[in-house]
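> My structure is below; once you've seen it, I'll send some questions.
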Amino acid sequence: MMESYLLAILVSMVLITIINIILNKKSSGKIKWQHYLFGDFLILYLVISLKDIVGFPTLSDLERKVMLGGPIFDPVLNFIPLSSGIEISTILNIIFFMPFGFLLPTLWNKFRKFIPTVFAGFIFSLIIEVGQLFTIRATDVDDLIMNTLGTILGFILFKILSIIFKKLSNKTMVEEYNKKDSIIKYGPYLYIGIAVISVFFS
């Protein structure tokens, strides 16, 4: 268990480092070390979230199900919002996604706007819920709503702290200067993709 955990973290961080080196060479602006540091925080958050908190399915999990003769696709669905009321898990889902909403605008200028950040939070949450169709966990519309709300609160927290720590927030950010830098706008999705792949094959 610990070995697969460390493998997922190691693989994802190596891949992100390679991508950042390539981006730094191609980018029109200088990418500062603070961006790399907070990028490491993001990839750690993503891997830990997928591997430990939400129990994202892995290849070995699916192989084990096949060997035991169990179904790979075993959905437990809930499409009724707040059907069980507000529980502790509801609050935890909000808190769980706050770092995501905070780190995206910390790292990328494009995500210092509300809509792109909330959309990315929704997409990450949707990936988690789709993954849970292949586990014993429930795919719940409440999770989508609360995770997106957590992203919004994280974004608001960033806006407040960026006023207090303006110099630092400018050092952590990268932005597009021209068409050569267009890959930068897909940064969060590269991080999510790498984390998902690293966890799935770990």
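Keep in mind that glycine also has a Cβ here, set from the backbone N, Cα and C atoms.
Grabbed the feature section from TrEMBL, which reads as follows:
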TRANSMEM  6-23  transmembrane segment
TRANSMEM  35-59  transmembrane segment
DOMAIN    60-161  domain 'VanZ-like'
TRANSMEM  79-102  transmembrane segment
TRANSMEM  114-138  transmembrane segment
TRANSMEM  144-165  transmembrane segment
TRANSMEM  186-201  transmembrane segment
> Look over the recorded stretches 35-59, 114-138, 144-165 and say which has the most C-beta pairs under 8 A to the transmembrane segment (6-23).
35-59
> At a C-beta cut-off of under 8 Å, are there same-chain residues at least 6 beyond the transmembrane segment (186-201) that contact it? List them, or none.
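Residues packing against the transmembrane segment (186-201) from afar: 7-9, 11-12, 15-16, 19, 39, 42-43, 46-47, 50-51, 56-59, 104, 107-108, 111, 120, 123-124, 127, 131, 174.
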> Which residue counts does DSSP give the domain 'VanZ-like' (60-161) for helix, strand and coil?
74 helix, 5 strand, 23 coil
